[in-house]
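Asks: Supplied in structure tokens, the structure appears directly below.
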Amino acid sequence: MLKIYNSLAREKQDFVPINPGEARMYVCGMTVYDYCHLGHARVLVVFDIVQRWLRASGLRVTYVRNITDIDDKIIKRALENKQSIAELSEHFITFMNEDAAALGIEPPDHEPRATAYVPQMLDLIGQLEKNGLAYQAKDGDVNFAVRKFAGYGKLSGKSLDDLRAGERVEVDSAKGDPLDFVLWKHARENEPFWPSPWGNGRPGWHIECSAMSSDLLGKHFDIHGGGQDLQFPHHENEIAQSEGAHGCQFVNYWMHNGFVRVAEEKMSKSLGNFFTIREILKKYDAEVVRFFILRAHYRSPLNYSDSHLDDARQALSRLYTALKSVDAEASPVDWEEPHALRFTQAMNDDFNTPEACAVLFDLAAEVNRSRSPALAGQLRALAGLLGLLTRDPQVFLQATPSSETEASIAHVEARIAERVAAKKNKDYAAADRIRGELLAAGIVLEDSAAGTTWRRQ
RNA sequence: GGCGCGAUAGCAAAGCGGUUAUGCACCGGAUUGCAAAUCCGUUCAGCCCGGUUCGACUCCGGGUCGCGCCUCCA
């Protein structure tokens, strides 16, 4: 039985789908005005795993991950870059897709863009107005009246009065309550706008997710995910909008992943301490990055540093090494096998990927001992559920993230041939010299009865 | 100020009221021309103070420290 930590209940709960055999999941994706950083990579990987495990558990999954392609930052950046908003967002959507593909992220079933859902947003705002939860302020903005929605704060555990006490935002006098949030912003100069019953304008940040999720998944669905920083106010506001408009429960299970940190601080744009995915991929294999993320539980903080990635690379190499010398059977998971049972137990416990990885290492040790093609196949199959060990071991072990040329690989092969000849002549000094030279270049040689192989250090 | 999360061995990171987590690093042995890889073995834990218990890293209470949200943020 799968258990999920539900942010709404603040405890692990049995996952019971609304419709038996089916899971509908919505995840807040990217705002496309810049490159994705490692924090974004974590969301992508974490919910890719959720999606994969739900499917592996036999559920029919509909996975929606949205793209925010209209908001303040995009408008600002487009102006700075002197390009259109469409150009800017297209540009970064392309980069995002490249990064996601590199990380082994399976494409979601739907990837809706906010700009394509303006009519649905307007319908929703109209419904909220009809329900007495939205009002148009003097400045033309349409706001949500948080005091009118009884459950406001239930996700984040905040009470409106506490929020008011801690209010640090400049009060917008046009709002009925400082905590009211905007559903529809009136048109301003140099900004794109859409016509609406409330005049020309553009959507507020939160309304898009309410509109897209109900359109693609229905008014009530199973799982909603995103980074921990979205819990408040974004997800709280989504609940207010969706439940306020539809009059029914919005989402059963809320999932929030922890932050990536740098030197014990949250990695974020505003702190300027972020590393983009493509920056990291210049130094580390994408699968190493994926493994690095999966080695920590999704709700724990994850500290980023080169030495941690070095460590992850060494660890992943151990798994690939186990597959290198055994001809793994290409078989599906044998679910009755003991490692698979442990793996399943781990994943069913709120997606405990660190424990699932530990099972992979135990299994790898078993493969090394037994040289069993069936067990090697099992290792490959289980790891595959996490999107790991999907490549040829030799390709992984010899891969280099930077732009190494074929020529240098040819050079390695040539030097190995020289060394084999030297060894044949019992000229061990020459053999060791060649090995030392290659080692200095980060190439490790491994002699075995079957001959000499090499890998990157 | 309000709300929440965390503190595990040299580093990273899980489960668990009593029995080896796991990975990296380290040490000893096997193996090897020597290595590497692999195998076998050893060493190294649970912030502090109380409480519950036959027994607590694990449960409860109180500290201390760290982090996050309350403002755009994955």
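Glycine is no exception: its Cβ is also placed from the backbone N, Cα and C atoms.
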Asks: Examine the ranges A:176-180, A:266-270, A:391-395 and name the one recorded by TrEMBL as motif ''KMSKS' region'.
Replies: A:266-270
Asks: Could you tell me which of the ranges A:30-40, A:96-106, A:250-260, A:360-370 is annotated in TrEMBL as motif ''HIGH' region'?
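Replies: That would be A:30-40, the stretch labelled motif ''HIGH' region' in TrEMBL.
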Asks: Work through the binding-site residues one by one (A:Cys28, A:Cys209) and point out the residue whose CB has the fewest other CB atoms within 10 angstroms.
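Replies: Lowest Cβ count within 10 Å among the binding-site residues (A:Cys28, A:Cys209) is A:Cys28.
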Asks: For A:Lys269 (ATP binding site), what residues in its own chain, 6 or more apart in sequence, show a Cβ-Cβ distance under 8 Å?
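Replies: In sequence order, A:Asp34, A:His37 meet the Cβ cut-off.
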Asks: Ranked by the number of other Cβ atoms within 10 Å of their own Cβ, which of the binding-site residues A:His234, A:Glu238 ranks first?
Replies: A:Glu238
